[in-house]
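Shown next, in structure tokens, is the structure this report addresses.
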């Protein structure tokens, strides 16, 4: 893989060096897929049920892999880094004019238009140009793993309720050296891992659904939370009216609602001071 171009600026997540979290993501998805095709599929007795489940699972897996590749290899850099001269702000790190929605990512060493966050699991920034594919990727992955979890729970259940039938099926598929109890233990451990992964990704999915409904980015939400914390610490015991006079982003009210933080009912004062994009 090529090194980082543009004075060390990353263009996409497939450029070296790869992030350990990115490698770990690939390993985990591979583990889930391999165990599904090796432990889940062969044990199903009905040819029709097996064909339907394999078809749905394979289609979802293909969608997840495509979206992962599309999101990782996309370049969300600001247009100023691609030759545009229409930016409203100047970034001294990139040494170009960038849009007002851009933020400089220190991990990628570039300004990203519509910056949402830097995803270490994909080794790439998520911004205006690849947020849609990122959201679809999380949604598709949760759907894929939920299907596999339900499939695994069903297999564990029938392995006990119809033990004799599935023992014969396992022996015919894997041979006499196959350990039925070992297979059941393996299924149980995999179910636990699947459930934990779904909980983490499900929480992320719900979080971004809320952000979308509020028309916020992750960066805007985090910035507002820090500002609310800072203002609360700086003004202990002050009332709601004192907070409303502070200079802040006009989306603080919406962001505070996400964190169940009380905000004044009146419109907060908007700070229109021109700021440098690279803070």
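Note: Cβ is positioned from N, Cα and C throughout, glycine not excepted.
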Can you check which of 23-45, 92-114 TrEMBL lists as transmembrane segment? 23-45
If I go by TrEMBL, the feature transmembrane segment sits on one of 51-69, 70-88. Which? 51-69
Spatial neighbours of the transmembrane segment (23-45) not adjacent in sequence (6+ beyond its ends, CB under 8 Å) are 53-54, 57, 61, 64, 68, 121-122, 145, 148, 151-152, 155, 165-166, 169-170, 173-174, 183, 186-187, 190, 194, 197
